Each structure stands twice: as C-alpha cells, then as structure tokens.
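Chemist: Dumping what Swiss-Prot says about this protein:
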type: TRANSMEM; residues: 49-69; note: transmembrane segment
type: TRANSMEM; residues: 77-97; note: transmembrane segment
type: BINDING; residues: C88, H92; note: Cu cation binding site
type: TRANSMEM; residues: 113-133; note: transmembrane segment
type: DOMAIN; residues: 184-344; note: domain 'GAF'
type: DOMAIN; residues: 387-521; note: domain 'Histidine kinase'
type: MOD_RES; residues: H390; note: phosphohistidine
type: DOMAIN; residues: 645-774; note: domain 'Response regulatory'
type: MOD_RES; residues: D696; note: 4-aspartylphosphate
Amino acid sequence: MAMVTARQFLASAAELGSGRRRCGGGGACDMREDGGVEALMQCQRVSNLLIAASFLSIPLELFYFATCADLSEVKCAVLHFCAFIVLCGATHLLAAFTHAHPHSAPLLRALTAAKVLAAVASSAAAVSLLTFIPKLLRIKVRESLLRDKASRLHRDLGLVRRREEATSRAVRELTGRIRASPPDAHAILRTTALQLADALGLHACAVWMPAAGRPHDLVLVHHLTSRPDDAADLLLEVGDACTVAADDPDVVDVMASKVAKVLEPDSALAMASSVGAAPAGAVAAIRIPILRVSIYDGGGTPEVTEASYAILVLLLPPHDAAGGWSSHDLEIVQVVADQAAVALSHAAVLEESRSMRDRFAEQHRALMQAKHRAAMATRAFSSIQSAMCHAMRRPVHSIVGLVSMLQHPEADTMRPEQRLAVDAIARTSNLLSALMDEVIVNRQHLSVQRKPFSLHALIKEAISVAGCLSHCGGAGFLHQLECALPEWVVGDERRVFHLLLDMVGTLLNRCNTESGACRLSFSIRICNVGEERYSLDWIPMRPTFSGCNVCVKFKVGIGRSRSCAIERSLPCELPRRSAATTSSQMGHIFSGYFNKIVQMMNGNMWSASDSEGVGESVTLILQFKLQQGHVEASPPYIPHLNGLRVLLADDDAMNRGVTKKILERLGCQVMSAPSGAHCLSLLASAEASFQLVVLDLDDRAVPSAAMDGFEVALRIRELRYSCWLLIVIAVAAGVVATDDGGAVQELCQRAGINGLVQKPVTLPALGAQLCRVLQDN
C-alpha cells in the first residue's frame, strides 16, 4: 500500500511539473485544465487527512477495549497491528502535507521513513496474523459454547422459577386449608398431593397412613393418578383396600429419616403406590408427622403417646426416569411436606381445642346447674333459718318481756339468790335474742361493743348459769374467784358471756355422768405476760399491761373419775349423749365465729387435756381496759301512766299477752287487737276512746298477715279523727341499727309514727319510749 501511494505521489508530482513546464514553456496555459488538476490535488489532500485521522483513532479504540477485557493471549498481534495502523496513519498525514510543500527535503525524508517503517510493520502484522486468526476462531467457539450453556441455564432457571411458584402456590393452598374452618387432615393431605403433582408434573401420588387398630399396617388413603386422555388428574380415596406392611425395609427407611428418600421403581411401596396406573419412573417418598395432642390427667402430667407419621409417595412419569429426582426437586418436596406437617399439626390442635371447648362448655353447664342448685339450696336454707329464727324470736321476746317485769317488781321482795337467777335468765335470754338478730340481719359482719360493764355481775351470773347446767347434767360444780378482780371494765359483756357459756356447754357435752362421777370447775383470775402457756399453737401477745389495762384468765375444766376415763378410752363404747363430741371436735373453739370474736377482743383461747383422759379444760384470756372513776349502777326509772288508754295490735298471742301485761304494769288501760285490720275497725268505730296505739306487727312471721306496722300506721292516719292519736311501733333489733341512710326515720315521718321501740319489748324500754312520746306531743 505504501508503494502504491509513493507511485501515486511521484506521478502527481511529474504531472504537476510537466504542466508547469507546458505553461511556462511558451504559449498560453489552459486555465480550465489547471483548475481541474488543483481540485484533484485538494481532494487527495483531504482524503489523506481523513485516512490519517481514521488510522490514528483505531489504536485509541483498541486501548479502550484492552482496559475493559483481558487481551493477554493476543497481546503481540495487537501490538503489531497497532504499530501498523499508526504508521499508515502517519504516512497519509505526511502525504497530505506534501501537496503544499512538494520540494521540501525534510518532508520527503520523513515521508520516506514513515513508509519504510509502515512496510516493516505491515510485514510483522501479516506474520502475526498466522497465530492471531486461530486464536480468534477458538474464542468464537468458546463464546458459542458459553452462549449455549447460558441458554440452558436460562431454561433451567425458568423451570426452577415455575417450580418455586408452584411450591408457593402449594404453600398458599395449605395455608388456606389451615385457615379454613374447620381444617381437616384428609383435606390437607389431598391438597398436598394435588399441589405437588401440579408443581413437579408427577405421574402418580399416594398417601399412606397407619391403619386404625392395626399398628403393623399402612393403609392407602389417597391416590392421585394422571389420566392420559386429558390433562386433568384423578384423585381417588382408596380406603382400606390396599395395605403395605409397616416393617417393610423401604417403609422403615422412610419413617426413620426426616428428608425425602429416593426408592427403586420395583420396591414394594412404589409398586403399591402405582396401583391402577401405568408403570412409573423414579420414585421418592417422605414422611409427614401427624400430631397427636397429649391428653392431660387431673394432676397435670402429660400422657406419653407414640409418634405417628403418614408417608407421601411421589412417582415421576416414565420418560423422566433418566433425569430422576434432582436435589432441588427433593428440596421442594421437603418444603411442601414441612408445610403439610404444620397444617396437620394445626388441624390436630384445633380439633383438640374444639373438643376441649365442648368439654368445657359441658362442664360450664354442669357448674351453672350446680351453682343454680346451690343458690336454691342457699335460699332454702336461708328461708328455713329465717323462719326458725322468727319462730324462736317471738317466744324469746316474750320471755325477755316477762323477765324484765320480774327484774323490776313493784315491791323489792326477792332474795339475793332469786335476783341472781332472774338476772342470769335475763342475760341469757337477751344473748339468745341478740344472736338470732345477728343471724337474720347481719350474718357476715361481726362487731364488738366497748362500753363499761360490771365484771363481778357478769361472773356471778355466768357461775349461776354454769352451776345450774352442771346440776341439770348430773355433774358437780366448783368455782374459784380471785379477790383482786376489778369491778368495772370496758368491753363487750355480751360476747364475753357468750364465750363463757360456750366453754361450759362444750365440756358438759363431753361429760357422761352415767359412766362415773364428773365435776365442772370454773376459775377466774388475773394473769400476766410471763405466765406459762398451755398450747403450742398459741402465740403470746405483747400488750402493754399498764394501770389502765387488765388481763383476765377464764378457765373451765371437767374432771372425771378413773372408771369414767377408762370407759371413754374404749373404742367400742359410743357416747350415750347425742350431743357428745370427740377430742378432735374440741377444735371448733378455734374456728369461725368464736375465733373471730376472740381475735377482735384481743384475746386467746385453747383447750388442753391430760394423757389419761381424766381431765380436760378450756382456757380463755381476754384483755380489758379498766374503767376510770366510779360508776354507779342506778336502777332504771319505771314510769306510771295514769289511765292512759292504749290500743295494742299484735298478731302473736303470746307477745300480745306479755306486752299487755307490761302496759298494764305501766298503769295503762289496754285493749288488744289480733291484727291490723281489727285495729283499724276498732279505731273507726270508736275514734275518741284511745289516746295511743302500739303496733307490733310482722308480716314475715305470720304469712296470713295482710299488713305490717308501717302500713297500718298509714291507714290510721287516713282516718278522719285520728290526727291526735299517738302511734308507737315495735320494730326488729336490726332495723334501727342498720338504718344508716335514715330511711326508717323518713318512713316514720311519712306514716305519722311518733316513736319506735326495739324488740324485744321490755318494761324499762317501753316505759321510757312512752314517756318520751307523751312529752314530745
């Protein structure tokens, strides 16, 4: 190429010189011919510049691609080619400059050198092409191989993505089955088989489960086969028709492994799974855990249950037998099987929760029925208790009223022992009435009153009652009092008297006088903190025993003869008293009602007995506050109401008679009425004959009573000439005590009631209330 260029350049120069010679030789030059030659020269110069620019740009491009790729194998050939290109470009560039300076010697020398170097470089490039072209061909072959491999990888990647999508779809279907209500284990297994068949293009799929009642057999419960006539799959529930032994080696191998196992096509499990289908290709199997929720007994210990598994058998089509099961396919099977296990576990848990909910609902119904029966029994018991208390309260109220008249006779003719007996009877009756009021009105809350009372009088009356009970039971009685006991103390005398009577009654019930002599002892003395305690269960108190406090020890004991103790120790002998108790029943003192009372009174109580069973005792220690100053017990004032005309309405004959006697004792002229209606009829017929009306009506005690005291009072105020009548009504003990909101006072004002007297009606209480009413009105 350089030689051709040189020849062209020399020819152009010769032509240019001859033309000039012709023009300068004499004669006129052809201006048109000179213009064409000049145009050609300009065209050659431009072409040389463009060719030079093109040649010089090629090495730059090669350098750029060399930085982007590894050209170590063709480095020599590339260098030769780059040198050849650069020299060719330089030759064309110098040739372009010769058109302007054709006779420049340096330019001609440079052009000659460039052409010589270009010739050498072209020769070297031609030689290097002998090795460059085969390498280039090998690179092309490798590129085609890589392209084919990339195509196969792309195709495999598409298959993997499709299978992953199918796996995701299978997981979503199983999740939907889990969220379905209610989930079914067989439905979950069917969904698993269908989704795996769709994802992997299976020829057949089978689900084996342990046979019910046959632990050594597996039953084919589901079988999925591909029908050749259409694209749909046929899912059959086989049932118990096809079985396989649980001790088969393939079955044992699958059961023992957590991952999928590839089986031989001629194995027993594979042959049994391809029932009714064409011969299959590669076979894989995996176990699916079936959760059995532990059943808990009453103690909370779980029952140990043996693990149970189902087997999922997957069969590929025969034309895929060469490929077999890939690791990715087995991973897909593992993922779907794990999801199926989760779904089965969820279904088992939900099934167990439903059964537990049903059992809990049944138990709740039973508990509600039991609660209803218990509430009915409680209401019945309360009704019976209230009826019994109401039935007992009226006789007790009558006794209290009669005893109040005996305590305040018109002439003081009673002997001291008679007065002591009457006071003891009055205290016992008041205690019984108060206890019944507590049972009816305030059964839960216990309160202790702290007010001054005569300790000597209480002890004398308690000893009197204890001696009377001992003599009635045929036992002896002995009491011992300390002279240093204070006269007046502050406390709840009713609670103390109740505790003492209970101690006496408990020991007397344990005394069998027919088997031998018994003697009851009663002792009261002051004790101190350092006194020896008789019960290990009792924790000593640490009160401050100053001059304002005193600690009193009450001890009631029972002593028996040797023959009585021996007879009581025989196991075959039963006590003859129906109320007798055993030694274990002595503990009732420390429980419930009495224990609360003792604690509220800052005291302690315990029982003790000797090893031979001859003697038993109950000890009570109470702390009292001493009453400061001298207290004078003045007898209550009994007024005399001269000829006060009173109408008494009471629906109980005994109470009516006692209240009438009390009113007559107060100097009243009394007419009685057995009911509220009779009272109203008497008032309507003789309006001006009565000055005061006493109402003691209780419709709860008498079911036939039509009206209570408040209703009768309202009817009385509705009468024409009854505005001047004074009305006093007798109410139960707890009505006024529990009236915190003033509802009873408001009801009395609305009904026109002038006074209230608390039951039981006694001579001092009724006299004081009548005096107050007469003074206020």
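Cβ atoms are placed via backbone N, Cα and C, with glycine included.
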Chemist: Which of H92, H390 has the fewest nearby Cβ atoms, counting only those within 10 Å, among these recorded positions?
Modeler: H390
Chemist: Measure from the Cβ of C88 (Cu cation binding site) and count the other Cβ atoms within 10 Å, all protein chains considered.
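Modeler: That number is 25.
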Chemist: As a test of the contact definition, list every same-chain residue at least 6 positions from D696 (4-aspartylphosphate) whose Cβ is closer than 8 Å to its Cβ.
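Modeler: Spatial neighbours, sequence-distant, of D696 (4-aspartylphosphate): L648, A649, D650, D651, D652, N655, R656, T659, G709, I729, A730, K759, V761.
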Chemist: In whole Å, how far is H390 (phosphohistidine) from H92 (Cu cation binding site) when you measure between their Cα atoms?
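Modeler: Between the alpha carbons of H92 (Cu cation binding site) and H390 (phosphohistidine) there are 142 Å.
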Chemist: Is H92 (Cu cation binding site) helix, strand or coil when read with DSSP?
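Modeler: Assignment for H92 (Cu cation binding site) reads helix.
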Chemist: C-alpha of H390 (phosphohistidine) to C-alpha of C88 (Cu cation binding site): distance in Å?
Modeler: 139
Chemist: State the mean pLDDT for the domain 'GAF' (184-344).
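Modeler: The answer is 73, the mean pLDDT of the model over that range.
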Chemist: According to DSSP, which kind of secondary structure is D696 (4-aspartylphosphate) found in, if we only use helix, strand and coil?
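Modeler: Its secondary structure by DSSP: strand.
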